[in-house]
Structures are given as C-alpha cells and as structure tokens.
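Trainee: Can you keep this structure in mind? I'll have questions shortly.
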2 protein chains.
Amino acid sequence: MYPALQSLKARFAEIDDLRRAVSVLHWDMSTYMPQDGTASRGRMIATVEKAAHEKLIDPALAGLLEETGALPDAMLSADERAFLRLARRQFVRASKIPSGFKAEFFQHMAETYEVWVQARKLNDFKVVAPFLEKTVAYSRALSDFFNAGETAWTHPMDPHIEDADPGMTTTDLKTLFADLRRDLVPLVRELSSRSKPRTDFLSRACPKSRQVEFLNWLARNIGYDFNRGRQDLTHHPFMTKLGAGDVRITTRINETNLCDGIFSTIHECGHAFYELGLSPSQDGTILGHGTSAGIHESQSRLWENQVGRSREFWTYFYPHLQAHFSEALGDVSLEEFYCGINRVEPSLIRTEADEVTYNLHVMIRFDIESQLLDGSLQVKDLPGAWNDRYEADLGVRPSSDAQGCLQDVHWYYGGVGGMFQGYTIGNLFSAQCFEAALEAHPEIPEAMIQGNFSTLHSWLKENIYQYGSGLFPQELIHRVTGHDLSSKPFVAYLKRKYL
Amino acid sequence: MYPALQSLKARFAEIDDLRRAVSVLHWDMSTYMPQDGTASRGRMIATVEKAAHEKLIDPALAGLLEETGALPDAMLSADERAFLRLARRQFVRASKIPSGFKAEFFQHMAETYEVWVQARKLNDFKVVAPFLEKTVAYSRALSDFFNAGETAWTHPMDPHIEDADPGMTTTDLKTLFADLRRDLVPLVRELSSRSKPRTDFLSRACPKSRQVEFLNWLARNIGYDFNRGRQDLTHHPFMTKLGAGDVRITTRINETNLCDGIFSTIHECGHAFYELGLSPSQDGTILGHGTSAGIHESQSRLWENQVGRSREFWTYFYPHLQAHFSEALGDVSLEEFYCGINRVEPSLIRTEADEVTYNLHVMIRFDIESQLLDGSLQVKDLPGAWNDRYEADLGVRPSSDAQGCLQDVHWYYGGVGGMFQGYTIGNLFSAQCFEAALEAHPEIPEAMIQGNFSTLHSWLKENIYQYGSGLFPQELIHRVTGHDLSSKPFVAYLKRKYL
C-alpha cells in the first residue's frame, strides 16, 4: 500500500476511535451514570470531540490528502477510492468552519436547550424565541461557511442537508415531498372518516420486568445478536455503534403502553442490523458506518413498519405476546391486535403518529425550517405558521405551543436546517427497499409467518449493509432500485395496506 | 490569573478529561460490554491514551511550563503552586520516555499477559520465563530513561517506585520493611500455634441476588453516596473515578464466600470515599485525585480492616447481616463471626491472606522484583527464590508455580518494579492514620457501635482527602502523624488485636 494512504488511514482510524469513545460516553450517560456525573461528563465529551476535530483539521492530514489525491484511481481498490472520497469530504467540511465557531455555537445550543425545557414547561414559545432567532443566525452562518467556494447550492438549507443526507438538495426534496403530500392529504382524510378499530387493550398495564423479558426475547428472535450488543432502558430509545462487535440498542418502557417498547425495540434493531451487517473489511474505518441519516432511518423503519406492523409478523409473534401478557391480551384476537396497532388518526405529536400521517408531520417541519433559514418566515411567526399547516395538512390545530412548535428538541438542541428530511427519506426508501426485496424473494412474507427472517437479513446485507459509507445515499438507492428516491412505492404500500 | 498559567490549566484539564474517558472505557469493558466488543475496545483505549500523551508532551505545553516556572512563588496560591509542581512532574516523566518505546512495551506486555494465562493454566513458569526476561529488560530500560540526569536514585527500582509512590526509595523501604518483617515473622509463628476459631459458616451458600442487596445496603450505610456513584459486579473488584460526582465501585460475588463481597465492597468504598472527599476546588484538575498508590491503599485498608474487621463495626452490622442471611448465619454468634473473619493462618495466596500475614506476601514480592531489576536474581531462579522465601517467612512452601510465582498478574501485565510496595505502605499508613484519628476523637469506636461514621468521615476529609494530589505522600504522612511512615503503629495494632 502507498505509505501516504497508509498514514491517512491510520489517522482516520484514530479519529473514528475518538468518535466512538464519545459514543461510549454518551451511552453511559444515558444508561448508568449516577445523577451527579452530569457536569464532568459534559466537559469530558467536549474534550474528546475536540481531540477528534483537532486530528481532522491537522495540516499534516491535509498534506496526506493532497499526496493521495495524486494517486491514479486505477491504482486503488474500490474500498480505497471510497475511503479517500469520504476522507476528503470530512476534511473539507471540517476545515470550512472557523476554529472557535463550533464551540460558540455548541455553547449557545446548550443554553438554548435549557431555555427550551423551561419554555415547554411554561407552554410559552416566546420564552425561547430570542434564542431560536440566534440559532437561525448561527445556522445561516454555518451555511455561508460551507457554501464558500461552492456553486451548486441554491438554498441556505442545502449545506445542512448535505451534512446528514449527502447529495440531496432542498429543491429536489421539495419536489419529492410535494408529490407525497398530494397523495397523503386525501388519503388521511379518507381513512379518518372510517370507523375506528378497537384500541382499549393497548393501554392496559404490563409490568416493566415482564416487558423487558419479552423485548429481549423479541430482539433475539428477529435476529439481534446479544454477543455483539445489548439492550438497556433509556428515556429516549437509540442505537449506538461502539465497535464492529459492539452495537447497542436502548428502549423505553411504558407500563401502560406495551407498543411503545415493542416498536422502539424493533426500530432500534433495524438500525443495529445495518451497523452489524457492514463488511468486515470496513471495521474500524470511517467507511464502517451507515451512509446517511435517511438511509439509516430507512432500515429502522423497514423493520418497524414494513415488517413489524405486518399481519405476517404478528401471525408468528402474537401468540407469544399474548401468552406472555395474558392478563392484558387474553381477550384480544390477532386481527383486533393487528388493526389496533395500525389505527390511523391525525394527531398533534410527531413521535406518536401512525405510519400514514407521520410524513405530514415531518414535511411541515422541513418546510418551516427551510423558510426560517431563507428568511421567508420570521421566528416570531413560527407558532402561527405551524398551527396553520397542521390544520391544512392534518385537519387538527394545536391549542398550545407545547403541543405545537415546542414539541421536538431538534431546533433547540442541534440547530435549524436539515434536521427532519431524513425521517421521510427513510420512510420512502424503506418502501422502495422492501419492494425490491420482495421482488427478489417473494417468499419473504411467508417466511415471516414462520418467524424466519434469514432471507430478508441476507438480502439487506448484500444490497445495503455491506457498502457502509462506501456508497453515498443516491448511489445506493440507484443500485438497489434502479431509480431515484421516489414516493410512489411508499404510497402504493399504504394504499395496499389501508384501503 | 496569569495567562500562561490559565492556558496550562486548560491543557491539563483536557489531559485529565481524556484520562477519565479512558476510565469510562475500562469500566464499561469490565461491566457491560458485550463479548465481541473486545478488539475494537482495545484499539479505542490505546487511541485515547495516545491523544492524552500527545497533549502532555506537546512542545507548546513545555513552553507554558517554562513561562510559569518564572512566576515567583509568592504570587501564586497554594493550589497553584501544587498544580505547577505536579504538572511539571507529569511532563518531565512523560517526556523522558522516547516516543515509540511505550507502544513497544505495551505490545510486549499484552503478549506476555496472554502467555501468562497459558502458563498459569499449565502450571509451568518456564512457558512465560522468556517473556519475563524481556519484561525485566524493558523495565530496566525504563529505569535508565527516568534516571537520566538524576543523581538521587541509587537503585534501578527507584524510578518505578517514584512513579507510584512519589518520594519513596528502594533503600528507605527496605529498611522499613526489614523492621516490619522482624516483628511479623515471630508474631505469625505465635498465632499459628494457637487453636483455630470456627470458620465453617464462612463457606455456606448465600444467593447472589441477596448478596447484591446486602452489599448495596452496606455501602450506603457506611456512607457511600449512590447519587455520586454506583456498585456493579466484575471479575476483579475496583474503584474508578469518572468525574467529581461519579466515583464508582465494583465488587465480586462468590456464592459460597460471603466475606469476599463484604470486604471487597468495604475496601472499594474506602477508595471511593477518598476520591469523593477531595476539595471541590480541585475538581477536574490533575490535583483532583488521590496522591499515590500507597496512600490510596491506606484509605481502602483503613475501612476494610481497622473499621470493617473490628468488633465495634460488627456489633452494629452483624444483626443486620444475620437477619439477611438467616439460613447461613442463624446459628453463628457475633463473637464466632468476629473471630471467624479474623482468623490468622499462613497461606500461599496473597489475595486471600489475613491482615497479619498479608504484608509478608507483599515484602517477598518487593524484594524479588528489586533483585530481578538489579540483576542479583535471574529470572530462571525466580520460582526457587520465591518458594524459599515463603518457607522462611510464612512457614509454607508452594508445591507448584501456579500457587507460587505465577499467582499475581502484576509482573505479567504491568512490568517489573514498583508494583507491590504500595500495598504495605497502605497497611502501615492505615494504622498510623487510624491511630491519629482515634487520638483526635476517642469516641470513634463507640460511634461505630451505633453505625455512625460521621466523625471518622469528617476527620479523614479534613486530614487526608482535601489535599488531593496537592501534597505528596510523605508530606501528607508528616502532616497527619508528625512522623515518617512507620511500622510501629501497625504492629502495635496487630498485637493489641490478636495477642
């Protein structure tokens, strides 16, 4: 191997190690850290992140990138070319931000977060509005830094989207989302007018310890390997990759909402399957991660919805579930359970939305954050704009800020711009992806009835997971489907299932 | 504050953060990491350690040390002077080792460890002997690096001792240990000839979950604050400081040895009390740690032995213990329990030794490692030398290497030299320290009978903990006792208790 390439790989391996150390610090903070550990943990995380950033913007690394840039493509393996492309991308993005800016921005976001917690408690957007104005200014400044020297970007949200979902732009997504909205709004209206299935049993009490038992069993039985991971309880469920053989999930237990734990477990398993299924040759390198927020979400949503809310899935699992929670589910048939977990109803809260209405929530946020960034919406007008859009798209109007524009942490913790599109990209691609899997293996649903997911696992590994970050999202979507990202398979799936 | 001093503090705070991040990685590895996480975790730890080391030997840091070295002492606070002294010490020691040497040495030790595991299994020292020879050579090389430019050190083990127990030398410790040995050997002989107390109940079955409950309760009731820490199960018990408000302990449960968990919990609580009791002004700085291995051990042994094996302690706790484990202890009186846990008997294994014989085990190792380093003992002659010393000092002779010179991991994992003296320094100072506490507060034993440790906690905080690493060990010993480290109070304590 070329010495410069070898050095570059070693440097990026260290950067990756430091980032994963940060993930360990976060995991511990969310699971087992004692109450008084907070202050020192915040400092520790900032320091390790800084160490990783320093290594990334090191002039010696820039020199190695230049040197390896001169290597002819033909002399490099596919993995090496993919590595160099991603390494350059990470370096360029990191070095566009002036030193000091990030620390200042993080500091502001940390303060904003505290104020948001208060504002939500007081149910008063005005409390946090001045902070959000500053956040918008910071987020615009970030756009400008990234935009410097680029000509392809036409909207200030583009660089933010590029960060999470490389290769996608505001304009493209607006077109795509408009198509989707055109299909969804009438569909939701039609489904809302139908008679509602029984859902009383979904809020019956199920003891925590029994739920933990079942969720571990369920994760194992859909293919999660506890030698290479573990499941713990946290306030917000998440998946985190701490090593090639250490990909952990967390879940949340609600004693009067059995579905909360079930679907968050399946969802996080979907994320974990992706990370656990990467090619071993990418272990410990920057290629050894899912390629984008949207693609990652497609894998979790595929398992949560296409698989986990299907009749076939519960044909196998419901008898187990019913036996485990006989007090809560003894009088509930499989069909009642299936209809209950798939009830469609417009609501105010994104995280509680069903799979039909969910993307309407996301697209409202996507449009609003793009308007905040390009100046066509002022922060002071946010609550009204939010409520109007809910009424137009979902037919429901929030009666308070807490139920409206204060509900999600994203803008008050991470910044404005590029925060939400990944959720809908994920939903759309999950349908394209599952459609492609079924086309290749029509027997997958039948196997699910037997509790057998091996064909699906293999197909996903071969067609999605193995590429890690070696393919950018659109390259991957093309390779899997032969097409661009599209809303059609998703809408067709919904119509098939619900009409 | 002087800008150079401020910068220096910020740099050392980052170094400290990175070191504590390593501690989080280790804690997780020992407690909850899934089986297949090992390989990537090893790399991650090495990378974060390297990042800390790079920051420590950074030329810019050297410049700041020079600049702050010019500040007149009178212009600095006591904490600032202590910080600069420790900072210089850490920098000088780190920069004496040529880059690359440490990685090579660690690599060798990692290999040696694997071979040692095999050798122990095969019960054959010869398997690991060639590796140990290399270790001795590496350890001598380390001495030479540290020794460069110093004139005070007369023995190649001195720099190793200096690392763990600053200010102590091989010669001083040999004199001190010879005194101790002179007292201990006849004492052990006399106690061995007495009739043995009843100990059958100590190996009765006590279920794991019941032990965990009791040990958490016990830790809480001797003053361990679970808002600032937690207790988990590991193969080897340890204490680890992850932040000023996050000092964790671990323990080991043996279902047929209740005492294993009890005394390791009390021992680790002693370590934790020290770290939790430091002055808040030292939080997050390099001063915010116990000052040496030996002083740390004194605090754990004080709680484990002076307190935790006392009649007063169990007068309060035994009724609780007996009620909790009524099947195992129902027919055992307080006096029988007290005598059972204080049984003295020469044995072959250090970690299972009682408090009378324990230091004989340690001093054998101390002498042997000093001889290996100065060349007066060859590696090939180690097993014989070991066995002879056991026979001379303890009157027992190992019949195998596994029970002899292969029993401790230290030489096969950390290196040769300076590995053991801290245990005996700890035992000696624990007695001096407890004597001083009793002199100031003769009511402490009476309070222990009531399960009240507040006076002892306050005295330790005021006289030991608050100084952190601001005082070096001998300064601290002087301040507490008015004397040097001495074996007399320890021997007097043993004679009072056992004769």
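Cβ coordinates are placed from backbone N, Cα and C, and glycine is handled just like the others.
Per TrEMBL, the features are:
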type     : residues                     : note
BINDING  : B:HIS267, B:HIS271, B:GLU297 : Zn(2+) binding site
ACT_SITE : B:GLU268                     : active site, proton donor/acceptor
Trainee: Sequence gap of 6 or more, C-beta under 8 Å: which same-chain residues meet both conditions with respect to B:GLU297 (Zn(2+) binding site)?
Mentor: B:GLY422, B:TYR423, B:ILE425, B:GLY426, B:ASN427, B:SER430
Trainee: Can you give me the same-chain residues 6 or more apart in sequence from the residue listed as 'active site, proton donor/acceptor' with a CB-CB distance under 8 Å?
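Mentor: Set apart from the residue listed as 'active site, proton donor/acceptor' by at least 6 residues yet with Cβ under 8 Å, we have B:GLN231, B:PRO237, B:PHE238, B:MET239, B:ILE249, B:THR250, B:THR251, B:SER300.
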Trainee: Take the mean position of the Cβ atoms of B:HIS267, B:HIS271, B:GLU297, the recorded Zn(2+) site. Which other residues of that chain put their Cβ within 8 Å of it?
Mentor: B:MET239, B:GLU268, B:GLY270, B:HIS296, B:GLN299, B:SER300, B:ARG301, B:TRP303, B:GLU304, B:GLY426
Trainee: Does DSSP put B:GLU268 (active site, proton donor/acceptor) in a helix, in a strand, or in coil?
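Mentor: Where B:GLU268 (active site, proton donor/acceptor) sits, the three-state DSSP reduction gives helix.
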Trainee: Show which residues of the chain containing B:HIS271 (Zn(2+) binding site), separated from it by at least 6 in sequence, have their CB under 8 Å from its CB.
Mentor: B:MET239, B:ILE249, B:GLY290, B:HIS296, B:GLN299, B:SER300
Trainee: Return the residues near B:HIS267 (Zn(2+) binding site), defined as same-chain residues 6+ apart in sequence whose C-beta is under 8 angstroms from its C-beta, sorted by sequence, else 'none'.
Mentor: B:PRO237, B:SER300, B:ARG301, B:TRP303, B:GLU304, B:GLY308
